[in-house]
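First the structure, then my questions, so here it is.
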Amino acid sequence: MEEVPQGCPGTGSAQAGRGASCQGCPNQRLCASGAGAAPDPAIEEIKEKLKTVKHKILVLSGKGGVGKSTFSAHLAHGLAEDENTQVALLDIDICGPSIPKMMGLEGEQVHQSGSGWSPVFLEDNLGVMSVGFLLSSPDDAVIWRGPKKNGMIKQFLRDVDWGEVDYLIVDTPPGTSDEHLSAVQYLSAAHVDGAVIITTPQEVSLQDVRKEISFCHKVKLPIIGVVENMSVFVCPKCKKESQIFPPTTGGAEVLCQDLKIPLLGKVPLDPHIGKSCDKGQSFLIDAPDSPAALAYRGIIQKIQEFCGLHQPKEEHLISS
């Protein structure tokens, strides 16, 4: 299908091809016929491609700037510390790809082979793919409409040759937009273990987490749990704790209690995390005994336990 207009009711709607916004659209006749509502053949292709991936985890956040990509990067680092665990990190934040920088892979390029795109390997057991690898400069802006973003996500999921992988971590953009719907739709036939939702303690962030949780429920995406980033600041000298972002409504802990969702852990604010990311290094190696590193490790262990208990079964995510 060609690019869709703003206000498109969607192929599954009763107004498909008949709504006011459909007038003049090149897809109008196709949508009105009902043919556009047929399942995308890429869904089955992606299911086949990802048969070699045991566990698939989406990392979500309601707001930007809460540490979602930082968490995704360190989840990958932490899982890959076991040399026998194969880890893949997929960055589908099309307009703000920060994973190449955080993983120390800026300037790397993607190569194609007969079996598809080859990910960029940080370690023998840690592969990474991002639209950032396709840009001529990290300063280049990606100015794409929804359909082009969706096509890129489809290509990543269908054409990247990950090989045998234990964990695929998908770092998403903030919010509940085209990229999230595309990822859920294209993975609908594959087994997705669930989503990890990242937040900070203040209510302005938690408001959007509630929307993210609602999104997960609507598309039947399991929620592994919530991670509260920047929970407190621990002074490196006196070790006193300060709340930089006060949890005026009780923070993630109260939210999780109210909504009966697991709180995976709280990661304290540590300036060294940002420094490690800017240098493209693992904070878990740079400061292994810090409170934040210990918090990360506890969260990673809980995610591994969740995945171990939820082995692949027939999937029920939305498929259109």
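Just so it is clear, glycine is given a Cβ too, placed from its N, Cα and C backbone atoms.
Note that TrEMBL annotation is computational and uncurated.
According to TrEMBL, the feature [4Fe-4S] cluster 1 binding site maps to CYS8, CYS22, CYS25, CYS31. The ATP binding site annotation in TrEMBL covers GLY62, LYS63, GLY64, GLY65, VAL66, GLY67, LYS68, SER69. Per TrEMBL, [4Fe-4S] cluster 2 binding site is recorded for CYS235, CYS238.
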Out of CYS8, CYS25, CYS31, which of these binding-site residues is nearest LYS68 (ATP binding site) by C-alpha distance?
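Given the candidates CYS8, CYS25, CYS31, the nearest one is CYS8.
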What is the set of residues, excluding GLY62, LYS63, GLY64, GLY65, VAL66, GLY67, LYS68, SER69, whose C-beta falls within 8 angstroms of the centroid of the C-beta atoms at the ATP site?
SER61, PRO174, ILE198, THR200, SER205, ASN229
Please identify which of CYS22, CYS25 has the densest Cβ environment, defined as other Cβ atoms within 10 Å, among these binding-site residues.
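In terms of Cβ crowding, the pick is CYS22.
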Roughly how many Å separate the Cα of GLY64 (ATP binding site) from that of CYS22 ([4Fe-4S] cluster 1 binding site), to the nearest whole number?
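GLY64 (ATP binding site) and CYS22 ([4Fe-4S] cluster 1 binding site) have their Cα atoms 32 Å apart.
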Can you tell me which of the binding-site residues GLY62, GLY67, SER69, CYS235, CYS238 is spatially closest to CYS8 ([4Fe-4S] cluster 1 binding site)? Compare CA atoms only.
GLY62
Would you mind reading off the Cα separation of LYS63 (ATP binding site) from CYS235 ([4Fe-4S] cluster 2 binding site), to the nearest angstrom?
26
State the Cα to Cα distance, in Å, between CYS238 ([4Fe-4S] cluster 2 binding site) and GLY67 (ATP binding site), rounded to an integer.
25
Using a 10 Å radius around its CB, how many other CB atoms surround CYS31 ([4Fe-4S] cluster 1 binding site)?
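There are 25 of them.
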